[in-house]
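Lifted from TrEMBL, the feature list:
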| type | residues | note |
| --- | --- | --- |
| SIGNAL | 1-24 | signal peptide |
| TRANSMEM | 78-97 | transmembrane segment |
| DOMAIN | 83-224 | domain 'Sodium/calcium exchanger membrane region' |
| TRANSMEM | 149-171 | transmembrane segment |
| TRANSMEM | 191-223 | transmembrane segment |
| TRANSMEM | 326-344 | transmembrane segment |
| TRANSMEM | 351-370 | transmembrane segment |
| DOMAIN | 353-503 | domain 'Sodium/calcium exchanger membrane region' |
| TRANSMEM | 416-438 | transmembrane segment |
| TRANSMEM | 458-478 | transmembrane segment |
| TRANSMEM | 490-511 | transmembrane segment |
Amino acid sequence: MVRAVHLLLGFFVLFALIVTDTQCAEYNESSLLEESLNFIHQLSFDILPRAACPGTDESSPLDDFPELFTIEQLRHGWIVLHVFAAVYFFILLAIICKDYFLPTVECICEDLHLSKDVAAATFMATATSMPEFFTNTISTLILPSEMGLGTIIGSLMFNTLGVAGLAALAIDKPVQLDWWPIARDCVIYGFNTIILLVVAWGGSISFVESCIMMGFLVIYYLITFNNNKFMPAIRVFIEDKMNCCFSTRYDLTAPPENSAKAKLPLKKEPLTGNGLFVVNLPENTSSMSSTTNLTDKTWHGEYNDEQQERNRLCAYPFDESNFMKFWWIFTFPIRLLLAMIIPNPLKIRKLYPVSFIMCIVCIGGNAYMIVWMLTAFGVAIHVPTIVMGLTFLAAGSTMPEAVSSLISLRNGENGIGVSNSLGANSLAILLSLGVPWFIKNCLNYNTGEPQQVGTQGIEYNIFILLASTIALFVVLSFSGYRLTKRVGVALFSVYTVFIVLQILIEMNVFFPKDCS
C-alpha cells in the first residue's frame, strides 16, 4: 500500500514537472515573440520620421498676419470684408498677368530668342515663385519659423496637379501638347524633389548641403537656357529610334478621314516657339491647328483704332452692356493704380525690364494679401489648421501660376501652363528654399551651426510630391499629351486623393508619433 502511494506521488510529481516545463517553454516563446515585435516597433519609431502630435500647436495661422479683427468679430460678420478683398485681389492678379506680366515675358523671349516653354520654366517661373521666396526668406532670416517650408511644401501639390487640371478644364476644345517640355520639366522637378528629400531627412541643412542646392539651381538655368542645343538629338532618339511620342508632333484635332478637307495635302511646320507642332493646310484654306503662336497676336502695340480706344484707361464703354459698364467702374481703381506704377510694355517697350521687376513686386505683395484673406476666412469657418494649410493657403500662394497659365491658354499659348507650374515648383525648391538656407548658413559659417528645419512627417509629404509628378506624367502620357476635360477631372481626382493622404499623415493617422 505504501509503495502504491509512493508510486502515485512519483507520477504526480513527474506530471507536474512536465507541465511546468511546457508552460515555461511556451512563456519563453511568447516572451521572445513579444520582445521581437516590441523591438521592431521601437526600431520603426527610431528610423522612420513621425507625424506631429495633434493639438500640440495651439497657435492660430492668423498670428503670422496683422490683426485687424479678432476671431469673434470675424465670425460675427466682418469676414465678408475679407471675402470681398480676396475676390478683388484675385481680379488684380488677373489684370497684372494679362496686361503687364505676359506681354513683358513676350518681350524677353524676343530679345533673348527663347522659346515660350523655356521662358515659362525660367522667367515666368521665377516671377511667380517670388511669394514663396519672400515667405521663406522672412521665416528663415528675420522671424525664425517653419511657416515658409510648410507653405512651400503645401503649394507644390496644387502647383503640380491643380494648375494642370484647371488648364485642362478651362479650354474649350482638346489641345495637343508637345511631349518634350512636359518630360523635361517633370524629370527636372522629380530630381529636385529627391534632392529636397535627401537634405531635409536629417532635420538640418548644413553649409555643404545648401551649396549643393545652389549648384543645382545654376544647373537648372543652364539646362533650360540651352534647351535648343540638346533637344533635337533627344527628340530624334525618342521619336525616330524608339518610335515613341511621334504623334504629339501634330495637333490631332483633324477633320474626319472621308471629308474633303482631310484629302487636301498637308504641310508640316517645325516646332513653334511655344513647344507645339502645327499642321497647316495649303494657301486659301483654314488651318487645322487649334493653336496659334503668341507672336501672331497683337502684343507689340500693333492695335487698330478700335482696340486702342477700347484699351484706353479712361475710355468709358458707353455702347457696352450694363455688366460691362459695372465691370469698368469696378476695376477702374485697379487699372489706374497699375498704370501709375508699372510701365506698359505694349506702349513703352524699352522699359519692359522695369515692368518685369514691378510685376514681380506686385505679384508678391498681391499673393501675400490673398493668403492673408483666405487664412482669415478659413479660421472664421472653423477649418482645421492642417486642412487650411494644404488647401486654402496652398491654393492662395499658387494663384500667380494658375492665373498666368489660364490667361496664356486663352491667348493660345497652350504649352506655357504646365511648363510654368513645373518650373515654378523646381524654383520653389532650389530658389525659394535653397537661397535663404544658403544665406543663413553663410551667416552662421563661423559658428558651424546648421539651419534647422521642421521635419516631423514632412518626408512623407515629399514622397507624395514625387508621386504627384509621376501621376501627372502618366495621365498626360495615357491621354497622348492632350489636354481634355477628362484629363482635368483625372488630375483633380488624383489631387484629391493625395491631399487627403497628406492630411491623414499630418493628423497622425498614418505613421503616428507616440504622443504619450
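In case you wondered, yes, glycine gets a Cβ from its N, Cα and C as well.
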Within this structure, do the transmembrane segment (191-223) and the transmembrane segment (78-97) have 3 or more Cβ pairs under 8 angstroms, counting pairs 6 or more apart in sequence? no
Spatial neighbours of the transmembrane segment (351-370) not adjacent in sequence (6+ beyond its ends, CB under 8 Å) are 85-86, 89-90, 92-93, 96-97, 100-101, 103-105, 107-108, 123, 126-128, 130-131, 133-135, 338, 341-345, 396-397, 399-400
Between the transmembrane segment (490-511) and the stretches 191-223, 326-344, 458-478, the largest tally of CB pairs under 8 Å belongs to 458-478
To the transmembrane segment (191-223), which of 326-344, 416-438, 458-478 is linked by the most Cβ pairs under 8 Å? 416-438
In the domain 'Sodium/calcium exchanger membrane region' (83-224), how many residues does DSSP put in helix, strand and coil? 120 helix, 4 strand, 18 coil
Cβ-Cβ under 8 Å with the transmembrane segment (416-438): same-chain residues at least 6 beyond its ends: 116-122, 124-126, 128-129, 132-133, 135-137, 140-141, 148-149, 152, 155-156, 159-160, 163-164, 167, 177, 181-182, 185-186, 188-189, 192-193, 195-196, 205, 209-211, 213-214, 216-217, 220, 224, 274-275, 398, 401-402, 404-406, 408-409, 451, 469, 476
